[in-house]
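Participant: There's a structure below that I have some questions on.
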């Protein structure tokens with residue numbers, strides 16, 4: 001099963017540019033989403049992170065990541081699970097005009113101020129939308145297979161080596177009980193590894209996500225069954241280090 005020819009024709013750079021996610025996440029994580037910047041972000045994020053929320057273009061065919069991530073999982077994950085978060089987020093926001101004017105990033109930053117009756121729905125579904133949007137960007141069937149340049153230097157400063165980063169990341173992914181995510185993020189200029197439960201977003205903690213791995217069973221169970229460790233190991237074969245580098249560069253700007 002393949003995505004549409006329109007989606008297949010988009011490069012990873014085009015997808016990232018269309019969504020404008022990286023710039024918005026960096027602005028949020030650094031606490032510098034000023035009024036003017038927010039408006040700029042709205043225009044840049046018309047591809048899925050402004051309202052009404054929409055499923056972003058995937059940018060590659062469902063089978064493009066095999067054998068590491070199988071086509072059936074990709075199709076279900078993208079068209080059912082991610083679409084479900086989009087639908088539920090839009091539904092939760094109906095009748096809340098002030099919150100409908102916010103970007104996804106703004107909602108997650110200001111989650112504590114959300115109306116109590118929709119706060120959990122926003123946390124789960126807007127968080128799920130943003131987490132998955134980033135996830136599709138940081139996996140690829142091609143591209144750099146190891147970090148280079150300033151990103152590699154940053155990893156070595158924070159963790160000692162790329163191998164040490166991967167070990168810490170894998171540990172976070174494996175120790176996440178139940179459903180959640182493992183992350184490489186930027187916090188106050190330092191790279192950190194963290195895990196979050198369910199669809200909680202690093203943005204709500206003022207941390208800029210650079211690389212994320214979905215460890216919900218829906219992300220791997222068809223192919224790996226209960227072998228999460230095999231899935232986590234395979235993930236490193238499809239990481240788009242070019243995108244992670246771009247995210248890192250924006251976080252340092």
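Backbone N, Cα and C define each Cβ position, glycine as well.
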Participant: With 132, 214, 218 listed by TrEMBL as binding Mn(2+), identify the candidate in 77, 96 belonging to that site.
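Facilitator: Candidate listed by TrEMBL for the same site: 77.
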Participant: Around the recorded Mn(2+) site, report the further residues of that chain (criterion: Cβ within 8 Å of the mean position of the Cβ atoms of 77, 132, 214, 218; site residues excluded), sequence-ordered.
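Facilitator: Near the Mn(2+) site, beyond 77, 132, 214, 218, sit 78, 81, 82, 135, 216, 219.
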Participant: Which residue, of the binding-site residues 77, 132, 218, has its CB surrounded by the fewest other CB atoms within 10 A?
Facilitator: 218
Participant: Same chain only, sequence gap of 6 or more: which residues have a CB within under 8 Å of the CB of residue 214 (Mn(2+) binding site)?
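Facilitator: Listed in sequence order: 77, 131, 132, 135, 181.
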